[in-house]
Amino acid sequence: MPELPEVESVRAGVHEWTAGATITGAEVIDPRILGTTSRRHVDASAVDGFITAVTGRRIIAAERRGKFMWLTLGEGPSLAPELSLLVHLGMSGQLRVHRAEDEAHRHTRAALRLERGDESLDLRFVDQRIFGHLGVQPLVHAYGRLVPASATHIAADPLEASFDPESVVNQMALKRTAIKAALLDQTLVSGIGNIYADEALFRAGIHPLAIPARTRRSRLTAGLDSASSVMADALAVGGTSFDALYVNVNGESGYFDRALLVYGRSGQECVRCGGRIEKLTIGGRGTHFCPNCQRPPRYR
DNA sequence: GCAGGCACCTGATCGC
DNA sequence: TGCGATCAGGTGCCTG
């Protein structure tokens, strides 16, 4: 399940393989990939518009904010960024670089034909569950940099230079929802998904149902620091993988799943105290925690 | 404005 | 063996 470390691994690979390449053609195999998460059905004109918009443009760079990734596209000699090709991997999306003659994976939803020097490559978007999406959008300013128009509400992530943890803690301290839900709120801090939210709260010893507005600022800071460090650790080993659903551009899995301390371990012994890992649902998401190491808030 | 819940989607798994 | 129900989860949208 791609979260920030996984998306960053993919972005780095895509940048290495595609920066400077020209898009000579595109194919949309499943038009639903161009829709939004709630409106999957798009018409033929959207497919034609997508192909027309990207064909002939040059890829300047692969960029990322949180779990949103995009290719900045330019045209002509100036190569000033004009457009973005937004890519969200959703739950099961993969961006993979192939030789043009390679057989397509059965869940390939779209492909770009690229030329870079003498090389011809395919950049393929593979997505089993179609929770991911693609789209061509103008670039606009948000949180100190140019981002695709539909990502302006996404806050800076902990790996960005513009990330301001004090400001995030200030905003978080106003929230009256569970801290687990606050960490997943991409308008507060981006990039944290269900897996790393559970791991971060365990490392910081914070119960997932704690209310930020009733939690000491030092504890909120510790939780945020923990989220940043757990994602940095995961990035160092290429992210997390439980199965074949997440791989990088070369089709390789990450190894951080071997370091997960609570996620997916309900009913098993806590590595810290030997107690039993429990699971509950917060905001519709499975939440794993140790009731001994993460004491319930007294005000519950 | 804020918080919670649901839809989108497919494949694996489970129970009957 | 085959079928239906359930579960997993990121995001956008709707409702209270």
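Glycine too: its Cβ is placed from the backbone N, Cα and C atoms.
Per TrEMBL, the features are:
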ACT_SITE  A:P2  active site, schiff-base intermediate with DNA
ACT_SITE  A:E3  active site, proton donor
ACT_SITE  A:K67  active site, proton donor
ACT_SITE  A:R285  active site, proton donor
BINDING   A:H107, A:R129, A:K175  DNA binding site
DOMAIN    A:2-132  domain 'Formamidopyrimidine-DNA glycosylase catalytic'
DOMAIN    A:261-295  domain 'FPG-type'
Residue among active-site residues A:P2, A:E3, A:K67, A:R285 with Cα closest to the Cα of A:H107 (DNA binding site): A:P2
Among A:K67, A:H107, A:R129, A:K175, A:R285, the one of these recorded positions whose Cβ has the fewest neighbouring Cβ atoms within 10 Å: A:R129
Cα-proximity to A:K67 (active site, proton donor), 10 Å cut-off, over recorded positions A:P2, A:R129, A:K175, A:R285: A:P2
Cα-Cα distance linking A:R285 (active site, proton donor) and A:K175 (DNA binding site), given in Å to the nearest integer: 18
Other C-beta atoms that fall within 10 angstroms of the C-beta of the residue listed as 'active site, schiff-base intermediate with DNA': 28
Integer Cα-Cα distance in angstrom, A:R285 (active site, proton donor) to A:E3 (active site, proton donor): 15
Number of helical, extended and coil residues in the domain 'Formamidopyrimidine-DNA glycosylase catalytic' (A:2-132), per DSSP: 30 helix, 53 strand, 48 coil
Neighbour tally for A:E3 (active site, proton donor), based on other Cβ positions within 10 Å of its Cβ: 23
Within the domain 'FPG-type' (A:261-295), residues counted as helix, strand or coil by DSSP: 0 helix, 12 strand, 23 coil
Integer Cα-Cα distance in angstrom, A:E3 (active site, proton donor) to A:R129 (DNA binding site): 16
